[in-house]
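**Q** Residues annotated as ATP binding site in TrEMBL: GLY102, GLU103, SER104, GLY105, ALA106, GLY107, LYS108, THR109. Per TrEMBL, domain 'Myosin motor' is recorded for 9-692. Per TrEMBL, domain 'TH1' is recorded for 809-952. As annotated by TrEMBL, region 'Actin-binding' applies to 569-591.
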Amino acid sequence: MAEHESLEFGKADFVLLDNVSMEEFMSNLKLRFEKGRIYSYIGEVVVSVNPYRAMNIYGRDTIEQYKGRELYERPPHLFAIADAAYKAMKRRNKDTCIVISGESGAGKTEASKYIMQYIAAITNPNQRAEVERVKNMLLKSNCVLEAFGNAKTNRNDNSSRFGKYMDINFDFKGDPIGGHINNYLLEKVKACHKVCVILVFHQLLKGAPDSLLRSLHIQRDPTAYNYIKVGGQIKSGINDGADFKAVADAMKVIGFTGDEIQTVYKILATILHLGNLTFGVDGDVTLIENTKLVSVIRELLSTKEENVEKALLYRTVATGRDVIEKQHTTQEASYGRDALAKAMYERLFCWIVGRINDIIEVKNYDARVHGKNTVIGVLDIYGFEIFQNNSFEQFCINYCNEKLQQLFIQLVLKQEQEEYQREGIPWKHIDYFNNQIIVDLVEQQHKGIFSVLDEACMNVGKVTDEVFLQGLNGKLAKHAHYTSRKLSPTDKSLEFDRDFRIRHYAGDVVYSVVGFIDKNKDTLFQDFKRLLYNSSNPVLKGMWPEGKLSITEVTKRPLTAATLFKNSMISLVENLACKEPYYVRCIKPNDVKSPLLFEQERCRHQVEYLGLLENVRVRRAGFAYRQTYPRFLQRYKMISEFTWPNHDLPSDKDAVKRLLQGCGFDHDVAYGKTKVFIRTPRTLFSLEEQRVEMVQRIVLFLQKVWRGTIARMRYRRMRAALVILQAYRRYKVKSYIREVNRRFKNVRSMKDYGRHVKWPTPPKVLRKFEDALRSIYNRWWAWTLIKGLSPEEALQVRAKVASLEALKGQRADLGLQRAWEGNYLVSGWDSPDTASSFTLVSSELQRKDKFMRVLFSCNVRKINRFHKAEDRAVLITDRHLYKMDPLKQYKPMKSIPLYNVTGLSVSPGKDQLVVFHTKDSRDLVVCLQGMVPANESRIGELVGTLLSHFKR
């Protein structure tokens, strides 16, 4: 069962339909077409519906998806059937073939190209040059044969007008080494038909360079030529100009010489010119009305002008030793002209096929040396056809399909029977329509339609199509599958003396006998053969070897077209019967080339013609599905606890039995030697539903396990990264500490105690630590300096530190570089004359207020509340702040206990303004006065002294 397609797209395999009926079949086919699924299976048969649009399902990615896969492992596709045929050929050393059939426009030609493309893509993995050359020639041959064998019609832009069977030869490694092409029933009438035209004519007119057209005496307008006038007006999406170049390049790649290609163009041009020849009458003489064309044809055929004119107007007849030239009537001349055009085209096509075969056939291959030469055959042949006016060609085509359908049913039944016997499953007889009776109706010796036709053609005298119909009525009057108006007088759908009906396997078809005799005789006057044989062009001469016979030479009667076709069909069927066949059945969904329209009735007829429902019934007569035990377990083992994830039973067969018994399906299955057989599709769909349910649970479980695994892997990676990071950090920290220790090892013996030592750059993680370390070092350095100072020096250092901390960045002149006197009024810095007076007052205050030490004294300018300045002095002890009058022998004017002082404000300028803030808000505002070394301010000293005192 094909994977990756849900039931919303319908049943991928028609064998799995719930009810085998035409309605169910058509409903499923339509659903898949509308959902864009153009391929389906009937067992191992591919049903292909022409999508009439480009589909992105043939690229390299798709090829890789199907390479080496089994049919059921991927959705239905041409590549699957191509791979199955290739595997059977390579693995089992068996010759295989792929039979592609369907009506015109169903997509047979495209299907054969995609199959060739797939085989070319999966072979020669080592890119051997010779194998690549062979692959290229095989692919290019398709291009050439399409141009010369396909036609543009109202129904199809690329309609095959011949059946083609190509054998591709492979060496023991499975690489292509050559091939051979057989063609069947080229509809040469289409070369000069009024409603279609062979592609190469359009390509020549639209794509050839002007110089070539001038040399061929033709113009680009297709309506200028009678044979292709109407066909040239058919609309299509084909780029004839690009195709002409592609075909010319392909012929060169295959190995056609320049002279051969030029001859091909001349023959095509000759056919176009022949179609424009007209005949008239002058008395009793038949004349060519446009004689200029005769000289053009003479030039193109490299022969004499008089010989061309004579062959067109006269027929040479030998009666014993006498030779008579019989003049044609205008009707006979026109018939001869058309016969010549058709014969030339047929010979050209057969010569091209033969030339390709000469080049691509395997040469110098010895099986004893190179191993067995195996073959894959690809048959692209016309399907069953029913038209309003069915001619000789349709009769042959439908006979061909009868033969192939007979082979198809026989081989399918044979394969089924052989598989059942091989697996030990009882075989029951299957009723089916055996169309051997219709095949015999056509080809039986002495009684068949072909025999009656040949017999009529051999009669002496004027033989008409009506005589042939009378012969059929006489010999087949009692046949159940034949009738005519004479045998069924009341059947008004048949015309007297014209129609007969055959009941084919695909339905009743009415044929008109008009043209049967002429087409079967396929008469071409010997004069034309001698004309072409006597050409000075060696390529053209080689196409007509029978032209060398003299006029009086007696030859055997040539085989008729019907006999030749019958023999080729018998040979083809024998060839296919000895190979393992694979089938592609192509269906045309509508006549307007729409990618959206599915015409139910038209498709129903094609399903009947192709025998698809019959095929389903044969396949379903026994068991609808079968699969080997290992592959069945691989797909369904998750359904049973006994088989998931692996079983411990003696064999896969026992495991499958246990699985199906557990599901309750044991009654609907049979167990072969290597395969399990399931009778009804419902059992298989039930298994699929259980599988889908279990797969969802398994997926969730796997997702959980996988996510846990990913989380653990991520955790381990993170932990490992953390360990590495921690180790690296420790290394960096240790390295930094060791470096700091090395640089500061002898710092005590240095003159500046290490102030000149440069600190190493710390790692990022230790930047804060470095700040702390620097702080410790600075404290140690400061302590080392301070520990040798006297108590007075130590007090002064503490005061300077306090001043620096308070005023750093606020004032520039803190006086840190000089010694701080503190008691400036005693030292005589400010007023040497009054120092003694201040000393006396200070001593008196010390006895009175019991202070221990003078912190600061200085002359100031006091600013009162009326903004007036007065000279004053301040004395600050460890207990009081005194305001004094220097003009009155430093008489104390005000005493403020230090505990009442709440703060101190100073100005950033040079005025040395100081504000002492008190609890009673009666602040003291003064400006310090007096000179110190370097004219430095005393504010820093005042602030530092007071702060250090309060800190103590």
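Even glycines carry a Cβ here, placed using N, Cα and C.
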**Q** Measure the Cβ-based neighbour count of GLY105 (ATP binding site), defined as the other Cβ atoms within 10 Å of its Cβ.
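**A** If we count other Cβ atoms within 10 Å of GLY105 (ATP binding site), we arrive at 23.
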**Q** Would you pick out, from the binding-site residues GLY102, GLU103, ALA106, LYS108, the residue whose Cβ has the largest number of other Cβ atoms within 10 Å?
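**A** Most Cβ neighbours within 10 Å: LYS108.
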**Q** Could you put numbers on the helix, strand and coil content of the domain 'TH1' (809-952), residue by residue per DSSP?
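**A** Helix, strand and coil residues of the domain 'TH1' (809-952) number 44 helix, 50 strand, 50 coil.
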**Q** Other than its own, how many Cβ atoms are within 10 Å of the Cβ belonging to THR109 (ATP binding site)?
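**A** Taking every protein chain into account, the count is 23.
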**Q** Once the chains shown are all counted, how many other Cβ atoms turn up within 10 Å of the Cβ of SER104 (ATP binding site)?
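**A** So the Cβ neighbour count for SER104 (ATP binding site) comes to 21.
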**Q** Helix, strand, coil residue numbers for the region 'Actin-binding' (569-591) per DSSP?
**A** 9 helix, 8 strand, 6 coil
**Q** List, in sequence order, the same-chain residues at least six positions removed whose CB sits under 8 Å from that of GLY107 (ATP binding site)?
**A** SER48, VAL49, ASN50, CYS586, LYS588
**Q** Which whole-number mean pLDDT does the model give the domain 'TH1' (809-952)?
**A** 84
